[in-house]
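Here the structure comes first, spelled out in structure tokens, and everything after it is commentary.
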Amino acid sequence: MSAATKAIEAGHIWTFPGGIHPPERKELSNQTSIAPLPLAKDYYLPLKQHSGAPGELLVQVGDQVKAGQALTQIGANNGLPVHAPTSGTITAIGPGIIAHPSGLADTVITITADGNDEHIALEPLADYTQISRADLLERIKDAGIAGLGGAGFPTAQKLALQRPLDYLIINGVECEPYISADDRLMREHAQTIIDGTEILLHIAGCKKALIAIEANKPEAIAAFEGLLDKHPQLALRVVPVKYPSGGEKQLIQLLTGRQVPSRGLPIDVGLVMQNVGTAFAVAQAVLQGKPLIERVVTVTGENVEKPGNYWVRLGTPVAYLLEQCGFKPEPDQRVIMGGPMMGFTLADLSVPVVKITNCILVPSSQELAPAQDEMACIRCGACADVCPAQLLPQQLQWLAKAKDYDGLDQQNLFDCIECGACAYVCPSEIPLVHYYRKAKAEVRNIAREKAKAEVARERFEARQERLEREKQERLERHRKAAEARKKAQAEAVAQGGDNPQDAVQAAIARAKARKAAQAAAAQQQNKEGDDA
Ligand code: SF4
Ligand code: SF4
């Protein structure tokens, strides 16, 4: 065993560069148990709630559906399905505003609930070790599970990567201020998370899982400590409070000292990471056959009367969720999806809760000051000091403003995890992350357009090649036919038959003779005319 592995096994905690300590404000929402939410009247299910392609539609307007029924299927594009959150009727399928910083529209299925909340029959699996890894991955995929920590990467896709793995990391750090959804889930459902972790370990084919929790969650830590004796392959790691310790690369560095290379993945350093909520959803999908139709959402901030954590069906409109929590909006009220560091302000409260929605934050203007006007950069360097990805935020911002995409690439724009630490410390109130998000979207767009142009060029060249090939084939066919004809003629002549060439020569001679006769006759007529 190497010294580094010995240190990991001994529970050594490393550190990562940068980071900040914003006020945690978790006590607003973490005091009470996760509460159920009464059924809403309408649910809005965007087809795409994860990274990657959307699934293919399985339903149409007018269909009756039950809770847990698949509304889309994986299909040819390898999308992830979405399921009905309750029973009711499909009343619309079409463009709808989705929960995205851009306020973009996408295809959304609307279900009007019938209030009966009838569920499809589930197919529990008593012993998951008896089915193949591929079948388990299918089960997780069919349940529509994407990473519930924020990025929404399809869980089965992450697990399907085939490389030797040393550790599975279960991320229960939840370092962003205000959010306590994972904290409450860990306190109340530690055993299910452990079951999910065992399943993930089995699929990933590695020997050990490290469950990471930030030190500011003593109850969650105690809940796991009480259960881990029976699970020797699972180890708890308590990490110091610092934002963003829960970032994938940062947590890997904290727990193993390993650094995921720029543009690389955890698997490149022998690791795979899943969020605690994802482990919970995997246990439910595999052991109970339950698809992902609800999740825990923190509703918090001074402008709700009942802050706390709620079991929210996917597709629930944010406006309805807030109404149930005693929403007291003030003028120019901001409603943020996500936390204060990485979240974004919603332009429309009719947008639904989706798979990656972990928090709805409704701050008062005293609690979270509205964004001030951007001032000029004073080159203080504070942003670079706190950047956990060791980037140069002010330089990235200049390059983004100048649309210098090559420069942004050289400065590793895509290593930015959009944690917002740089903007948090910026004395000039520069919304740095906004510039990075915009620049990333533009770079992706350019890459998409380039790919499209490349496909068009390849298609054009392929057509030209096909036409040329067909022309050559045609010429070749003609050549061969002529050769065959010549050969057949030669054979016929050799066997005493008429030579077609002779016939041609005879026909030419006959035509010449006819022409000569006509000319002679014309001449004779002219002569007789002159004599007369
Ligand atoms: S913190 Fe703000 S003002 Fe200071 S260097 Fe960075 S961008 Fe400029
Ligand atoms: S948002 Fe990006 S650039 Fe800013 S601190 Fe975080 S990782 Fe660094």
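Just so you know, glycine gets a Cβ as well, placed from its N, Cα and C.
Quick caveat, the model's predicted, so the values are computed rather than measured.
Here the domain '4Fe-4S ferredoxin-type' (368-397) has a mean pLDDT of 95 out of 100. The domain '4Fe-4S ferredoxin-type' annotation in TrEMBL covers 368-397 (among others).
Annotation note: C377 ([4Fe-4S] cluster 1 binding site) sits in a coil segment as assigned by DSSP. Close to C377 ([4Fe-4S] cluster 1 binding site) in the fold, though at least 6 residues off in sequence, lie Q394, Q397, W398, S428, I430, each with a CB less than 8 Å from its CB. Taken from TrEMBL, the feature [4Fe-4S] cluster 1 binding site covers C377, C380, C383, C426.
Under a cutoff of 8 A between CB atoms, and with a sequence separation of 6+ in the same chain, the neighbours of C416 ([4Fe-4S] cluster 2 binding site) are A389, L391, L396, Y436, K440. TrEMBL lists C387, C416, C419, C422 with the feature [4Fe-4S] cluster 2 binding site.
Positions annotated as domain '4Fe-4S ferredoxin-type' by TrEMBL: 407-436 (among others). Here the domain '4Fe-4S ferredoxin-type' (407-436) has, by DSSP, the following mix of helix, strand and coil residues: 17 helix, 0 strand, 13 coil.
Per TrEMBL, the feature compositional bias 'Basic and acidic residues' maps to 463-489.
Residues or ranges marked as region 'Disordered' in TrEMBL: 463-509.
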For C419 ([4Fe-4S] cluster 2 binding site), the number of other Cβ atoms found within 10 Å of its own Cβ: 25
In three-state DSSP terms, the structure that C383 ([4Fe-4S] cluster 1 binding site) belongs to: helix
Cα-nearest neighbour of C380 ([4Fe-4S] cluster 1 binding site) within the listed binding-site residues, C387, C419, C422: C422
Number of Cβ atoms other than its own within 10 Å, given for C426 ([4Fe-4S] cluster 1 binding site): 22
Counts of helix, strand and coil residues, the compositional bias 'Basic and acidic residues' (463-489), according to DSSP: 27 helix, 0 strand, 0 coil
Close in space, distant in sequence - C422 ([4Fe-4S] cluster 2 binding site), Cβ under 8 Å, 6 or more apart: C383, A384, V386, C387, P393, L432, V433
